[in-house]
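These features come from Swiss-Prot:
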- His505: active site (ACT_SITE)
- Glu507: active site (ACT_SITE)
- Ser14, Lys188, Thr189, Lys190, Pro191, Thr192, Gln193, Lys224: UTP binding site (BINDING)
- Asp72, Glu142: Mg(2+) binding site (BINDING)
- 294-532: domain 'Glutamine amidotransferase type-1' (DOMAIN)
- 1-268: region 'Amidoligase domain' (REGION)
Amino acid sequence: MSFKSIFLTGGVVSSLGKGLTAASLALLLERQDLKVAMLKLDPYLNVDPGTMNPYEHGEVYVTDDGVETDLDLGHYHRFSSVQLSKYSTATSGQIYTKVLTKERNGEFLGSTVQVIPHVTNEIINVIQSCADHHKPDILIVEIGGTIGDIESLPFLEAVRQFRCEHPQDCLSIHMTYVPYLRAAKEIKTKPTQHSVQNLRSIGISPDVILCRSEAPLSTEVKRKISLFCNVPEHAVFNAIDLERSIYEMPLLLAKENISDFLLNKLGFSPKPLDLSDWQDLVEALCDKERQHVRIGLVGKYLEHKDAYKSVFESLFHASVPANCSLELVPIAPESEDLLEQLSQCDGCLIPGGFGTRSWEGKISAARYCRERNIPCFGICLGMQALVVEYARNVLDKPLANSMEINPETPDPVVCMMEGQDSVVKGGTMRLGAYPCRIAPGSLASAAYKTDLVQERHRHRYEVNPSYIERLEEHGLKIAGVCPLGELCEIVEIPNHRWMLGVQFHPEFLSKLAKPHPLFIEFIRAAKAYSLEKANHEHR
């Protein structure tokens with residue numbers, strides 16, 4: 001086999017941070033001059049997370065080729081330089097759909113279709129296809145769910161078979177939780193022992209056990225885990241809870257020397273690891289002594305911390321080159337004191353979303369920021385809110401609206417895109433990377449410093465082309481359009497400190513090592529506004 005595979009499973013509890021671990025391992029392996037590919041296998045029966053409630057699943061991350069995926073792929077992107085595509089994700093829903101389609105087409109020649117071998121063979125095909133497409137030195141495969149879940153069994157069986165076929169080219173990492181009982185003042189290893197027993201009963205013996213814990217594990221505890229879980233003591237690693245930032249994870253794993261162990265196990269020769277640049281970025285990110293800036297997030301799903309994961313992370317990325325310390329203030333659009341909360345912020349971000357709930361609150365936030373010259377950034381639905389507010393209060397169209405909110409509006413300044421009226425919701429939006437031509441002399445041009453960019457999209461609605469001329473006559477600047485059909489991509493409010501809306505999702509391209517330019521300029525504008533307010537108060 002031309003590539004090596006690392007399979008990452010989780011046990012004891014969910015939300016262990018497998019995605020962050022996989023992303024951090026990718027960073028460490030890339031620093032060894034190895035090409036890494038990544039694959040997330042999700043056991044749920046949905047075909048993809050595109051139609052799932054953000055409160056249940058969190059953010060939907062979109063790849064360049066237009067695939068709606070799990071938010072863990074966002075972690076992969078932000079930590080490493082791996083290329084992500086439709087080959088980087090698979091769900092049980094996709095697997096079963098493929099198997100049943102083949103059965104209907106007669107490809108199994110009348111055989112009884114079963115989980116083994118037909119479903120497991122399809123899972124193995126997914127693993128092989130990812131490697132064939134991306135051609136990595138090492139493929140990291142994260143298996144969603146927790147050992148013991150019935151949904152994960154076909155994936156684990158496929159991994160067992162794959163390991164049997166390629167025993168020298170595969171390695172299994174099992175991530176577990178090691179709890180600390182405060183009353184007894186003891187660290188308990190029994191849950192880890194049982195989780196490994198479950199995994200071994202399926203036929204997979206882990207090569208590495210990565211223990212998540214509140215505090216560092218002693219040598220004695222590691223020795224006990226080694227003894228009862230049948231792994232060498234030097235193959236038991238510790239991932240303690242991170243106190244400052246998720247971006248400390250690669251530094252923590254590097255300190256544990258886990259990448260050296262993995263490389264030796266897979267037949268590579270480790271090189272000295274230099275993470276000084278990453279360390280500097282983390283220190284800058286966590287520096288609380290910098291200028292304090294408050295950003296209000298006026299969003300629909302703020303109760304779920306993962307619903308806007310990429311937006312949150314992009315703001316923090318931008319705080320490093322902007323040299324400030326961010327405080328993110330969640331503001332419910334339905335709040336009675338919405339405007340009072342906004343008045344205490346240095347900038348406002350209105351993220352994407354769907355549906356009528358909270359729409360008018362976003363309109364109010366946009367108006368407040370426009371009239372009071374507060375930096376404001378609208379993304380996707382947020383941009384549409386900026387345009388509708390402008391039409392209502394500057395064009396004097398009080399009934400202007402989006403057709404998503406009110407299909408009967410007399411002034412549909414935001415309308416459904418042509419061909420988007422399908423009753424099938426999954427995977428039918430305008431998805432993936434499209435070009436955007438930037439207008440010279442605009443805020444966007446100052447940020448991008450180029451006249452053509454590629455950005456990722458996920459939407460059905462657009463600024464109504466029949467209203468664009470009137471909007472421009474009243475001062476709204478169309479700062480970016482898609483050359484493929486002249487779709488409005490970026491709008492800017494004139495004579496304003498910094499107010500910009502984008503139809504795309506710039507948060508999907510931001511990294512700690514390469515923050516997105518629009519987020520940088522937004523945070524810089526908010527910082528300047530914060531300093532201006534502080535100077536005014538001290539006069």
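In case you wondered, yes, glycine gets a Cβ from its N, Cα and C as well.
Quick caveat, the model's predicted, so the values are computed rather than measured.
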Problem set entry | Mean per-residue pLDDT computed across the region 'Amidoligase domain' (1-268) | 95
Exercise. Considering all pairs of residues in Ser14, Lys188, Thr189, Lys190, Pro191, Thr192, Gln193, Lys224, annotated in the record as contacting UTP, what is the maximal C-alpha distance expressed in whole angstrom?
Worked result: 23
Problem set entry | Fewest other C-beta atoms within 10 angstroms, as judged across Ser14, Thr189, Thr192, Gln193, which are the binding-site residues | Ser14
Seminar exercise, completed: Ordered by sequence, the long-range same-chain Cβ contacts of Lys224 (UTP binding site) under 8 Å (at least 6 apart) are Thr189
Exercise. Three states by DSSP: which one describes Lys224 (UTP binding site)?
Worked result: helix
For this session: Specify the secondary structure state of Thr189 (UTP binding site) as given by DSSP, simplified to three classes.
Result: coil
Seminar exercise, completed: Densest Cβ environment (other Cβ within 10 Å) across the recorded positions Lys188, Lys190, His505 belongs to His505
Problem set entry | Candidates Asp72, Glu142, His505, Glu507 (recorded positions) - the one closest to Pro191 (UTP binding site) by CA | Glu142
